[in-house]
Amino acid sequence: MAQLYYKYGTMNSGKTIEILKVAHNYEEQGKPVVIMTSALDTRDGFGIVSSRIGMRREAIPISNDMDIFTFIAQLEEKPYCVLIDESQFLSKQNVYDLARVVDELNVPVMAFGLKNDFQNNLFEGSKHLLLLADKIDEIKTICQYCSKKATMVLRTENGKPVYEGDQIQIGGNETYIPVCRKHYFNPDI
């Protein structure tokens, strides 16, 4: 029976590497997958899933008004799994579409993304995945400053911590840092 999986982690926790690994494992057995990512994430190009270690692959971009259920249902070849990167940027309707893919098409969906933003608020996609997912797993990484488990994301600009501003600002290592709670509130910058 298919399930909706939500795997979250801070920046640099290996979420995209995990997607690429899962896709490889399915495809190695001749089982097709669909990889999708938020259309908002254009760091490495539109419709590209890219890890910080240099692995990359094309993906179907998801806009907030995309009907993901119909897209998957109308594919000529039914996928064995749907893999979603940057799931924090999904709309509520996108997440409900993913649940329908699982429940009505019996296709497992694995969504990967951040849980909370730099102000420690849930992203819209994360909130609804936490509500609807059958299985929720944390992908762990360590705090950049002390090597404890990182649970938060610190936004920096010009080497200074930032706690206010727009929720969505596409960046990379240069603007977001995985940190523990202590170093979120008292960064060693």
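Backbone N, Cα and C atoms are what each Cβ position is placed from, and that goes for glycine too.
Per Swiss-Prot, the feature ATP binding site maps to Gly9, Thr10, Met11, Asn12, Ser13, Gly14, Lys15, Thr16, Asp85, Glu86, Ser87, Gln88; the stated evidence is sequence analysis. The feature active site, proton acceptor is assigned by Swiss-Prot to Glu86. Among the features that Swiss-Prot reports, Zn(2+) binding site is placed at Cys143, Cys146, Cys180, His183.
Among the binding-site residues listed here, namely Gly9, Met11, Ser87, Met11 has its C-alpha nearest to that of His183 (Zn(2+) binding site). Met11 (ATP binding site) sits 10 Å from Cys143 (Zn(2+) binding site), counting Cα to Cα. The two recorded residues, Cys143 (Zn(2+) binding site) and Asp85 (ATP binding site), have Cα atoms 22 Å apart. In three-state terms derived from DSSP, Asp85 (ATP binding site) belongs to an extended strand segment.
Note: the Cα of Gly9 (ATP binding site) and the Cα of the residue listed as 'active site, proton acceptor' are spaced 11 Å from each other. Secondary structure at Cys143 (Zn(2+) binding site), taken from DSSP and collapsed to helix, strand or coil, is coil. Of the recorded residues, Glu86 (active site, proton acceptor) and Cys146 (Zn(2+) binding site) place their C-alpha atoms 26 Å from one another.
Put simply, Cys180 (Zn(2+) binding site) is 23 Å from Asp85 (ATP binding site) when counted between their Cα atoms. Counting every protein chain shown, the Cβ of Ser13 (ATP binding site) has 20 other Cβ atoms within 10 Å. Across the structure, Ser87 (ATP binding site) and Cys146 (Zn(2+) binding site) are spaced 28 Å apart at their Cα atoms. Neighbour counts of Cβ atoms within 10 Å were compared for the binding-site residues Met11, Cys146, Cys180, and the top value is held by Met11. With a cut-off of 8 Å between CB atoms and residues at least 6 apart in sequence, the same chain places Lys7, Tyr8, Gly9, Asp85, Phe112, Gly113, Ile139 near Lys15 (ATP binding site), listed in sequence order.
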